[in-house]
Amino acid sequence: FGGYTRCIKWRFGCGRNWHFFLLIFCLIHMVTGHIRYSIPEEMKKGSLIGNVAQDLGLNLKRLRLGRARIVTGDSIQYTELQTDKGILVVKERIDREQLCGDTTPCSFSFEVILENPMELHQITVEITDINDHSPTFKRKSINFEISEIASAGARFSLTSAEDPDVGVNGLREYFLTENDNFVLKQNSNADGKKYAEMVLQKLLDRETNPNLSLKLIAVDGGTPQRSGTVNIDITVLDANDNAPVFNQSVYKATVMENSPRDTYVTTVNASDADFGSNSIVTYYFSDLNSGLNDVFIINEKTGVISITGSIDYEKNKKYELRIEAKDQGGLTDSSKVIIEVTDVNDNAPIISVMSFTSPVSEDSPPGTTIGIINVKDLDSGDNGQVNCRIEQNAPFKIKSNLRNYYTLVTDTVLDRESVSEYNITVVATDAGIPPLSTKRTFHLKVSDVNDNAPVFSQSVYNTFIIENNSPGISVLTLGAKDPDENQNARISYILEKTNIGGAPVSEYVSVNAESGIVHAVRSFDYEQIKQLVFIVKAQDGGSPPLSNNVTVKLIVQDQNDNPPQVLYPVQTGGSLVAEMVPRSADVGYLVTKVVAVDVDSGQNAWLSYKLQKATDRALFEVGLQNGEIRTIRQVTDKDAVKQRLTVIVEDNGQPSRSATVIVNVAVADSFPEVLSDPVSEDSPPGTTIGIINVKDLDSGDNGQVNCRIEQNAPFKIKSNLRNYYTLVTDTVLDRESVSEYNITVVATDAGIPPLSTKRTFHLKVSDVNDNAPVFSQSVYSAFITENNSPGVSLLTVGAEDPDENQNARISYILEKTNIGGAPVSEYVSVNAESGVVYAVHSFDYEQIKQLVFVVKAQDGGSPPLSSNVTVTIMIQDQNDNPPQVLYPVQTGGSLVAEMVPRSADVGYLVTKVVAVDVDSGQNAWLSYKLQKATDRALFEVGLQNGEIRTIRQVTDKDAVKQRLTVIVEDNGQPSRSATVVVNVAVADSFPEVLSEFTELTHDKEYNDNLTFYLVLALAVVSFLFITCLVVIISVKIYRWRQSRILYHSNLPVIPYYPPRYSDTLGTGTLPHVYNYEVCRTTDSRKSDVKYMQPMSQSLVSVDGAGDIVPQVDKQLSGNFSQMSTLVTQLTIYLVPRFR
């Protein structure tokens, strides 16, 4: 059944027809078993395997009728069933090694099928092995190279032989041909395969037998026995048993320093008695870490040593090289090569600056050391001998003090103004051949000494200015030069104090301290002052300062600003007739002479006279140069009595100015015919202004004439003589109300009908200076920002005068007052004509905030009238001052500014930064910010109050030393700021602070003056303390003596206990306040001075006591307590500073 199952699998695997398979399945119960045959391999075709019919018990007919056949799944059918004989024969060659390989036993199976009925029989044929293969080696020969020094017992594996036969026919053993050196050792693997090893039994000797030839024979166990051979060729390798040997133990060579690369030095040689590669010698440096490989190189084959690096005698004067010779087997020999280096002059001297001072003061005496240099030459012998000199011609020399050290000193007196800088070239040259040299240039600056006073470019300055100039105008620029530099050459121009016409020169001119520009402080009047001579000092900024003076002559040039003034005829009201010309006057009759003057000078004062208007121009003429009025024809009766001549007097200025004068001429032989015109407004009532003659040719009543003034006017007419009437003023005249009158006189006769005649007189009222100027404002105010430019216009004052001509010409005058001890003219000036107020110099709000002065407006009348007005100049602040920190005081030496205990909580007040700004308004609004801090997370600064507080709990991890940088900034535009450094110690005790803050990097050079005053203060306070102590002790003794008297007198004793005094002088900047208490009583037998414990700054309660002790005693006790507190505080503050 098992065989049948196999058949099913095999049938299915071979892919037979399924119906045939089904038939076999249906007849499965007919299978009776299977047959097993065993045959050797390689049987010939047709050889009998077995009688199947007999073995299966079948007759030949059944085989034939049942169509018996073989079914196999292999591609090759090795057997054939002969149904006619019923035997199974070999059909194909059967090779067991091909069929099964190493598998044993080797067999194959197939089935015999019969039909009608179906029968299935399994037949298995086992193939047995025959010795048909000899052992074979895959290699034709085996080659070995074995050193002659190989030790006995050395194993050499041999290639295994292969025999495809199995069993006894397989490989059985190996044989090695006989020899004196090797034996064969056979081994088996775990799978039973055999292998052989060749073991060295006797040492080889290359010199005796350099080559060996052996054979390895492999035999199997078959019959007949088969074998295979392989040749073993052994080459005996030479052993390195001879070391190289140098022909010299020490080699010596000489080389010049700075020899070029690949320069030959020497050759080393070693020989080796070995053969072949063992006799090949290589050379190398034995010490690879010495750095000599960077200098020398050796040819490993030839032994030639050459230079590969830099040879410097100054670094190495001799080289010792260890050379090793090594053969291929690793045997070595060593030798030494000594190379001497010959020095050459290849190093220039080296100049090193030990000290050099630049700049050097120009007043340094000759021989002043300005530098120390060190000169070295690394060469030796003469090559290292150095000589130093200064290359160029300069006022210096070089001296040798010590070996290789030279001092550079001044040779003559220096003058910075001649040469301000020197390039001093020091040349160091050695004595080598050729010599080498080094140059080193020292740039020396000569610092300035204030040894030159400023020098003006001119010995005397002359300049001209036209009168009536604007105040603040630049007159000239003074220039002085100071050949010094920096502060010593910073020139300030100072106006020397002198008086001009009784007034300080500063009321006339000012000098800009920086630019030397001379400004006119006020407007000049040539008619008052024609020349200003003053001195200006140019002073440098040196210490002490040097100065030089120069004389400045300011010549005021005349301007045609004054019209001619008519002296005659005098122009006053009330005069009826100026001049009278008789009717008998002939040609050239001198009527009068106009006399005029001009206060100007030069051609501005040359006057010419012209007749501008005249009642009868054909009657009079005026002399052009002399002003004489003469008749130019015979006077006749037809000429009018009243002749009005207007003469113009003109000067020769550009533009010219003129004045007119009215000359009233009466052509008459007697006075009644004269009429005056104009009339002065100050004429009293009743002043005669005209005389008229009225005639009527009729007679009787018709010839009686009555005169009257037609209109309502302040005049009246009076009859003095027959037919003559006088026209007089009736009231006081006022030109400012009515300046002209047309007076119509009506003469009417007594006839019937009456006849009348009208005559109109044009009367002008001449001005009298009866009105003072009046300002448009009662008070003038103006604003100016500080730091203004000198000469800037501040405001304009204006006044009006209702008078006319000269009486209405207003001049503005600055009233003399003092502001801050200085005349007001040093601050402001007023243009006399325009009333413009100018600033004389730049104002500083922090010095003066307001200017109040008086300006007078004065007219040109005679006498002049004037009025005053107050002018207020408000100086506005400009943000030109940075904040100033008052506390903490930034002085060196204070180790600890503030202490913060480690127990300080959030919001603990550390200190308060106090600052002020001298500016005003928002320019003085200060804000505080923390700019830098050691720990920004620990402190904050109040923006408005500057209080520094903690913003978290202080811990032990916080550093003791805390440095805060607080910036104080104002609110100006642009803002200005100041910084203050606050040192804070986070500690609970003072010694802890000292240990940390001694490392603060502050200036160790304390201010000597401050130290002196502090020591002085300490001494004074100590003296006062000791004095008070002596006084108190004296009083105590006196009291004690008094108490003894009282004690012996049995009087009652009332004790007195003075109160405890709290600190009155503590500033709060020290951690504690120390107080002393002096306790004394009237009945005490001794005095007690008690040192109290530190008390807080809060108020201490006082115990009441009696008033028996005199007031002076209590005052002494209080003073003693306060002084003790002050001494204690000063001591605590000074101890850190003087440590």
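Just so it is clear, glycine is given a Cβ too, placed from its N, Cα and C backbone atoms.
Straight from TrEMBL, the features:
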type     : residues  : note
TRANSMEM : 20-39     : transmembrane segment
DOMAIN   : 81-137    : domain 'Cadherin'
DOMAIN   : 138-246   : domain 'Cadherin'
DOMAIN   : 247-351   : domain 'Cadherin'
DOMAIN   : 352-456   : domain 'Cadherin'
DOMAIN   : 457-566   : domain 'Cadherin'
DOMAIN   : 581-680   : domain 'Cadherin'
DOMAIN   : 671-775   : domain 'Cadherin'
DOMAIN   : 776-885   : domain 'Cadherin'
DOMAIN   : 900-997   : domain 'Cadherin'
TRANSMEM : 1010-1035 : transmembrane segment
Item to check | Stretch contact, the domain 'Cadherin' (581-680) with the domain 'Cadherin' (776-885), Cβ-Cβ under 8 Å, 3+ pairs | outcome: no
Checklist outcome for this item: Helix, strand and coil residue totals from DSSP for the domain 'Cadherin' (581-680) stand at 7 helix, 43 strand, 50 coil
Next on the checklist: Per DSSP, what is the helix/strand/coil residue tally across the domain 'Cadherin' (457-566)?
Outcome noted: 7 helix, 50 strand, 53 coil
Checklist entry - Per DSSP, what is the residue tally for the domain 'Cadherin' (138-246) in helix, strand and coil? => result 3 helix, 54 strand, 52 coil
